[in-house]
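Database features, via Swiss-Prot:
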MOD_RES   Ala2  N-acetylalanine
MOD_RES   Ser7  phosphoserine
BINDING   Asp22, Asp24, Asn26, Tyr28, Glu33  Ca(2+) 1 binding site
DOMAIN    49-84  domain 'EF-hand 2'
BINDING   Asp62, Asp64, Asp66, Lys68, Glu73  Ca(2+) 2 binding site
MOD_RES   Lys88  N6-acetyllysine
REGION    106-379  region 'Actin-binding 1'
MOD_RES   Tyr124  phosphotyrosine
MOD_RES   Ser290  phosphoserine
MOD_RES   Lys294  N6-acetyllysine
MOD_RES   Ser323  phosphoserine
MOD_RES   Thr353  phosphothreonine
MOD_RES   Lys361  N6-acetyllysine
DOMAIN    394-503  domain 'Calponin-homology (CH) 3'
MOD_RES   Lys472  N6-acetyllysine
MOD_RES   Ser474  phosphoserine
DOMAIN    515-624  domain 'Calponin-homology (CH) 4'
MOD_RES   Lys579  N6-acetyllysine
Amino acid sequence: MARGSVSDEEMMELREAFAKVDTDGNGYISCNELNDLFKAACLPLPGYRVREITENLMATGDLDQDGKISFDEFIKVFHGLKSTEVAKTFRKAINKKEGICAIGGTSEQSSVGTQHSYSEEEKYAFVNWINKALENDPDCRHVIPMNPNTDDLFNAVGDGIVLCKMINLSVPDTIDERTINKKKLTPFTIQENLNLALNSASAIGCHVVNIGAEDLKEGKPYLVLGLLWQVIKIGLFADIELSRNEALIALLREGESLEDLMKLSPEELLLRWANYHLENAGCTKITNFSTDIKDSKAYYHLLEQVAPKGDEEGIPAVVIDMSGLREKDDIQRAECMLQQAERLGCRQFVTATDVVRGNPKLNLAFIANLFNKYPALHKPENQDIDWGALEGETREERTFRNWMNSLGVNPRVNHLYSDLSDALVIFQLYEKIKVPVDWNRVNKPPYPKLGGNMKKLENCNYAVDLGKNQAKFSLVGIAGQDLNEGNRTLTLALVWQLMRRYTLNILEDIGGGQKVNDDIIVNWVNTTLKEAQKSSSIASFKDPKISTSLPVLDLIDAIQPGSINYDLLKTENLDDEEKLNNAKYAISMARKIGARVYALPEDLVEVNPKMVMTVFACLMGKGMKRV
């Protein structure tokens, strides 16, 4: 199993698992460390069985016969043994290792009796982050501050308020505050808040397919932590993007184009940022945020490089005390380093133990937070750079990208065009709309250096072929090369048809397979409005009346009577700001009554017919379920 075919998320999990077994931190797993792992996990296994499993793992994993398992060999063990009894026991042992709490699974997805594990370290880190983020929010006083050493977090998310607030901190204005139920909560109003949180999380690109409101109400730890990590990460990564932070151009390497830099994921940009500063400090580069930072030395030098030097008005210098580097003990050294980070206001996400164990998820968050506060980069002057190429993504592009990510495509889509250039994500979307993909025809990464693009082009040709012949899409004038080269107009034409089909499929499933088109949706909307004695109606998805959002709001009130507070709305002679105000309320209310709406308020104000169609289709789905 090559590293290239393992997703970033999975690589993170594997590094975490590896770090738990590799107790001496030398980068290898020995036979003794495997024995210790099974002892520490207290699994009900006889001694001879532990010996057998250990020998089996060493025999399978130690490919170069050097008496120890490297990280690359460890990846192969995990993938090669996925279904065997040995692997199951091995995974169970890792999950039960210190700092990991194992709990019985009870959700519909997991039959009772299976084990779901969650990380105490993550819980501790997230609680401290949320406490700080919401410490001054009057709506959260009933739960903040939470105690990181108890299960406060899992109870605190149960009413949906904290989740809604954290989503808005990560992507401001996602949720209209007027739609959050805050006072005298009942089981029904709590359910509404949780609908609002889950559907809004989905709209910002969180994968929430297996999470229900009930899971959050019950505070299921592994689901709560999984959702919170996605929300927090989206917020941390928001500005690690060239169009939003032009100073990142300072990270361009010799012979590299702006386009190359724009293709990097936030994780890759963070690694490059750290190495840029380490290089300036004359230090060794790092290749990851786990094993390479365990001794805290890279962190020390990074802090020294980014700390304010006193050369900017109003920002006093902070001189990093490097004496802790001389500490012999790793934990002690990490603690001294974190005390210096605290002087910068950046002691977040990691404890000294998390650093020494190389917890990849929490160290990534620590670095991202440090970058956001002290990037210490300067936009290069006089460089021959096409600043015009730096335009950010359009709202429509962002909506498509968030939709894909919310469905759990792998790898995650950070840049719509470059991340679709091998069509792997497109194939996954075909499967979501019930178009069968012959995976034997698909080339998978890692692609060879020579001829790699040809492999991607073959994928793109197959993707266009599937669209034309299986999905029956209208793809006139679109060739595989257009997807491969990231032609905006033609890529969007395919992506829109994928999203449209996905939306209509949901309606057809609810309606027992009955075919649905635009006219059927418009007729349903008007009939529903009329039956509820509402005065509004729409002629099509281009109807100018939609810019007031009143037809949408009336439809929501028709589906769930009494849900809309009309006192909050302006209904006549609206200016642009009032239209936007209505639209924000409408989109959040649609999500609150249970419609998974991806469109943005601006789509209603500008009457973007594509996105307007998805709003009405999602509401129709909700309305049909009610019948």
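From the backbone N, Cα and C atoms, a Cβ is placed for every residue, glycine too.
All features noted in Swiss-Prot, drawn onto the structure.
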residue	record	contacts (Cβ under 8 Å, 6+ apart)
Asp66	Ca(2+) 2 binding site	none
Tyr124	phosphotyrosine	Pro148, Asn149, Thr351
Ser290	phosphoserine	Arg15, Glu16, Ala19, Gly358, Asn359, Pro360, Asn363
Ser323	phosphoserine	Cys336
Lys361	N6-acetyllysine	Met12, Glu16, Glu122, Trp229
Lys579	N6-acetyllysine	Ser547, Thr548, Ser549, Leu604, Val605
If you tally other C-beta atoms within 10 angstroms for each of the recorded positions Lys68, Lys294, Lys472, the top scorer is Lys294
Candidates Lys68, Lys294, Thr353 (recorded positions) - the one closest to Ser474 (phosphoserine) by CA = Lys294
Binding-site residues compared (Asp22, Glu33, Glu73) - highest count of Cβ atoms within 10 Å = Asp22
Pairwise CA distance, Glu33 (Ca(2+) 1 binding site) versus Thr353 (phosphothreonine), rounded so that it is a whole Å | 19
Provide, as an integer number of angstrom, the distance between the C-alpha atoms of Thr353 (phosphothreonine) and Asp22 (Ca(2+) 1 binding site).
-> 14
What is the one among the modified residues Thr353, Ser474 whose Cβ has the most other Cβ atoms less than or equal to 10 Å away?
-> Thr353
Between the C-alpha atoms of Tyr28 (Ca(2+) 1 binding site) and Lys68 (Ca(2+) 2 binding site), the distance in angstrom, to the nearest integer, is 6
Please report how many Å separate the Cα atom of Lys68 (Ca(2+) 2 binding site) from that of Lys472 (N6-acetyllysine), as a whole number.
-> 53
Under a three-state reduction of DSSP output, how is Lys68 (Ca(2+) 2 binding site) classified: helix, strand, or coil?
-> coil
Report the nearest neighbour of Lys294 (N6-acetyllysine) in space among the recorded positions Asp22, Glu73, Lys472, comparing Cα positions.
-> Asp22
Translate the DSSP assignment of Tyr124 (phosphotyrosine) into the three-state scheme.
-> helix
Tyr28 (Ca(2+) 1 binding site), number of other Cβ atoms within 10 Å | 19
What is the separation, in Å, between the Cα atoms of Glu73 (Ca(2+) 2 binding site) and Asp22 (Ca(2+) 1 binding site)?
-> 13
Residues of the domain 'Calponin-homology (CH) 4' (515-624) by DSSP state, where helix covers H, G and I = 70 helix, 0 strand, 40 coil
How many whole Å apart are the CA atoms of Asp22 (Ca(2+) 1 binding site) and Lys472 (N6-acetyllysine)?
-> 52
Quick one: DSSP breakdown of the domain 'Calponin-homology (CH) 3' (394-503) into helix, strand and coil?
-> 66 helix, 0 strand, 44 coil
